[in-house]
Structure formats: structure tokens, C-alpha cells
Amino acid sequence: MAKTKVEFVCRECGASHHQWAGQCLDCKEWNTLEEIVISQATSSKPESLKDLPASKVQNLTEIKAQNKDRLSTGLSELDRTLGGGLVDGSVVLIGGDPGIGKSTLILQALAKLNSDNTTLYVSGEESAEQVSERAIRLGIKEDILFIGETHLEKIIKLSKDIKPKVIVIDSIQTMVTDLSASAPGSVTQVRDCAAQLTQYAKQTNTILLMIGHVTKGGALAGPRILEHMVDAVLYFEGDAGGRYRIIRAVKNRFGAVNEISVFAMGEKGLQQVSNPSSIFLSNQENPSSGSMVMVTREATRPLLVEIQALVDQSNGTPKRVSVGLDQNRLALQLAILHKHSGIATFDQDVFINVVGGIKVSETASDLVVMLSIVSSLRDKVIPSKWIAFGEVGLTGEVRPVYNAQERLSEAQKQGFELAIIPKGNEPKKSIKGMQVIPVGYLYQAIQYLLENS
Ligand code: TYD
Ligand code: MG
């Protein structure tokens with residue numbers, strides 16, 4: 001008899017280990033390893049996937065470069081994030097915190113998709129009444145097919161019968177398959193369900209939209225494994241209590257990554273915000289110390305975001321907390337501040353926050369973060385009409401960033417009057433109404449701040 005092989009998979013990041021351990025060696029989370037049995041029967045297909053159309057062998061050079069048809073979701077911003085709409089046979093994973101608006105967004109998109117195609121909404125979380133109530137609230141009149149079901153084999157069987165063009169699975173963590181004996185939401189269940197659904201979608205050219213929950217760490221539960229399987233991954237960002245939501249493509253086989261779209265949650269669902277560049281600013285009447293605006297350009301459009309820092313006397317081990325920015329990078333920035341500008345924070349708690357619940361992963365945020373820290377520590381108010389951007393290297397030099405010109409013009413359009421930027425990004429022509437302070441080193445930026453604010 002073949003020996004069954006087991007593996008230990010991390011629930012948070014999906015990394016597999018040969019041995020059990022208290023801590024995942026990859027993501028360093030504690031108590032997240034789960035034992036899974038690796039199936040020996042790899043040659044036989046699951047029952048549910050039999051009698052699907054066979055894959056066709058083709059000669060690559062003979063395939064016409066046909067621009068794949070894209071279906072519009074009716075939300076132009078979402079289409080743009082997807083790279084121009086939904087591609088036939090593509091699998092999209094939509095992740096986000098509970099209550100952020102995943103089901104709402106998908107229902108709104110289905111209403112449009114359903115006008116020319118059959119669509120099927122599978123919910124394992126909500127009853128038909130709940131979904132129908134939401135549809136009424138959103139003013140949706142289309143006849144979208146609905147089924148409250150969690151049993152994967154039944155869902156695939158039903159799909160084979162009614163052949164929908166678009167299937168929504170809300171959410172993948174509630175689905176169970178006969179292939180796996182473990183509990184719903186466990187790594188094996190989530191992975192096996194997603195794999196079968198993906199295979200079904202690919203072989204029948206069906207668009208599959210999977211909704212997934214995000215755990216506290218920000219990753220989907222049972223998670224990264226899914227990211228590998230699907231064609232595109234969209235994540236919701238934003239404060240669940242706030243009005244605005246950002247949808248970011250973190251992976252996209254059919255479009256640009258990091259593309260974002262912004263929505264506002266209102267009485268009648270999510271409304272698109274087509275010019276979001278300044279909505280995330282807090283617009284304080286009387287600016288206080290520790291806050292500064294930067295222009296990010298992670299997506300194909302510039303966005304003004306406000307970074308806030310709070311530096312306060314620590315009693316005990318100093319805390320370093322960063323919300324919306326990379327925590328490790330904060331330690332590095334504090335070390336650079338000390339080494340190259342003599343600003344010591346070893347006896348201070350340092351908190352950093354990006355206003356509006358957005359995430360900024362660009363290193364162009366270095367300069368703003370560090371200036372905000374200095375502003376809070378020295379209690380110097382940075383004028384609200386100032387912006388900055390720039391990457392700061394380990395030797396204290398301020399390095400140029402991409403698309404500086406575009407960032408500057410966006411800031412100027414929004415009424416900002418002074419920009420502290422890397423010397424390497426100094427514009428050739430002066431910008432009307434905007435004073436540019438090019439800096440080669442961090443200490444120059446700090447000096448300017450301390451002398452002029
Ligand atoms: P939902 O789509 O159910 O979130 P998720 O599927 O991500 O868990 O959205 C839930 C929140 O959105 C809920 O707090 C109510 C709010 N909401 C509105 O504010 N306006 C609306 O039109 C709808 C449908 C929901
Ligand atoms: Mg939901």
C-alpha cells in the first residue's frame with residue numbers, strides 16, 4: 001500500500017513545511033500550521049470534473065493573436081483596474097475585510113453582466129432573502145440566478161446544466177468538497193475547492209469571480225495558494241467605517257498590477273469616484289505637527305495621501321507602529337534619521353499612519369515619513385501647502401523617484417505651493433505657483449523644514 005504523505009501548510013501564507021512547528025518559517029505567524037494529507041490518487045480526476053470539454057493541442061505560431069473579448073462590469077473604474085474588463089475564462093479573486101463591500105460590488109457588477117449573459121450567484125454565507133434585499137436596495141431588476149449552496153460538487157453539476165457565463169462564489173472559504181475531509185475554511189478545503197472551480201472555468205471558458213476573506217494580517221485565509229491559482233487578485237482597502245474604498249489589483253495576468261480604482265459607499269451601493277486624487281486628505285483647518293502630504297504614483301495615476309506621525313516619550317520598550325506602510329521600513333528610516341541627521345528616537349514611541357486606510361508600498365514615501373517624524377518630535381508644524389516625495393537610501397542620500405513631473409503637476413493642480421523633492425528629480429522648467437526645493441541629502445530636507453516652518 002502506498003504510504004500517505006503529509007505536509008504542514010501555513011493558514012496565513014500558504015507555505016508548506018515537512019515538519020510541524022509552532023511558528024511558520026515563512027511569514028513568522030504563530031500556530032498557523034495545519035496538517036494536510038497529500039492525495040495519492042493524482043492520476044484520476046475528481047468526479048465533478050469529468051465529461052468537461054477536452055483541452056485542445058494547438059500550435060503556438062498558428063494561433064491568431066485574437067484580442068480576447070472583454071466583458072464590461074458596468075463600472076468603468078473597476079474595468080480599468082481589471083485591465084479593460086473581464087476576460088473570458090478568467091478567474092478573479094476579490095479579497096477584503098468583512099463588511100467592506102465585496103458582495104455589494106459583485107452584485108452591482110453582475111447586474112450589468114447579466115444583461116447579455118446568464119450569471120449565477122452562489123452564496124455560502126447569506127440566504128436568498130438577504131441577497132435579494134441587497135439587490136432591491138441597489139435597485140437591481142435583472143434576473144440573476146441565485147443558489148445558496150456550499151457543496152462544491154453540486155455547484156459544478158448545476159453549472160454544467162445551466163452553463164452560466166459568469167459564476168460568483170461568495171465566499172470561497174465557505175465551500176466544501178468531497179475531495180477533502182477537513183473543516184470548511186481550512187487550507188485543504190479552500191485549495192481543493194478553488195482548484196476544481198478554476199479548472200471548470202478554464203475548460204468551459206466561464207468567468208469565475210471568487211470572494212475571499214482577509215484575516216487580520218491582511219492575507220486571505222487559506223490564502224497565497226489561491227493567489228497563485230487565479231488570473232487576477234483584487235484587494236479592497238480603506239476604513240470599513242469611512243466612506244471611501246480602494247480596489248487594488250495586486251496581481252493581474254490581463255492588465256497592470258497595482259492599478260487602483262476608488263469607490264464611495266453610499267445609500268445605493270458603491271459609486272465610482274473618477275477623480276480621487278485629493279479625497280484622502282484630512283483637510284484640517286489648523287494643521288498640527290506630525291502631518292505631511294505626499295504624492296504617490298503606484299497605479300497609473302497620481303494620488304495625494306497624508307502621512308501622520310506621532311512621536312512621544314516612551315515609558316518602557318519604545319513602540320514602532322506603522323499603519324498602511326511597511327513596518328520594517330520604519331525601523332530603517334529611524335536608523336537613518338539617527339545616523340545621518342542626529343535625530344534620536346530610541347526613547348520615543350513612534351506611530352505612523354496613512355490617512356483614509358490606504359496602503360502605500362512605494363519607497364517614495366521615505367522622505368515624507370521622515371519629515372513627519374521630525375515635525376512631530378520637534379513640534380514643528382509643516383505648512384499645509386507643502387508636499388514631498390523621495391526615497392532615502394542607507395547613506396542618507398535622497399534618491400529620485402519615477403514620474404516626478406507628473407506628481408508635481410498633480411500637486412500644483414490641487415493647490416500645493418512648495419515641494420521638497422530629490423535633487424535628481426529637479427524639473428527643467430519652473431512650475432507656475434510652485435516652489436521646488438531639491439535636496440540631495442536627508443539632512444538638507446530636515447534643515448529646510450526646521451528653518452522654514
Ligand atoms: P457587504 O457587501 O455585505 O460587505 P462584504 O461582502 O465585504 O462583507 O457590505 C456591507 C456593508 O456595506 C454594510 O455595512 C452595509 C453597507 N452598505 C451600504 O452602506 N450601502 C449599500 O447600498 C449597501 C448594499 C451596503
Ligand atoms: Mg459578503
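Positions of Cβ are set from backbone N, Cα and C atoms, glycine also.
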In TrEMBL, which of the ranges 41-45, 126-130, 251-255, 326-330 has the motif 'RadA KNRFG motif' annotation?
-> 251-255
Taking Gly96, Asp97, Gly99, Ile100, Gly101 as the binding-site residues to compare, which has the smallest set of other Cβ atoms within 10 Å?
-> Gly99
Same-chain residues six or more away whose CB lies under 8 A from the CB of Lys102 (ATP binding site)?
-> Ile94, Gly95, Gly96, Asp170, Ser171, Ile211, Phe236
Minimal Cβ count within 10 Å, across the binding-site residues Pro98, Ser103, points to Pro98
Under 6 Å from ligand 2 by Cβ, which binding-site residues from Asp97, Pro98, Gly99, Gly101?
-> none
Assigned element (helix, strand, coil) containing Lys102 (ATP binding site), judged by DSSP = helix
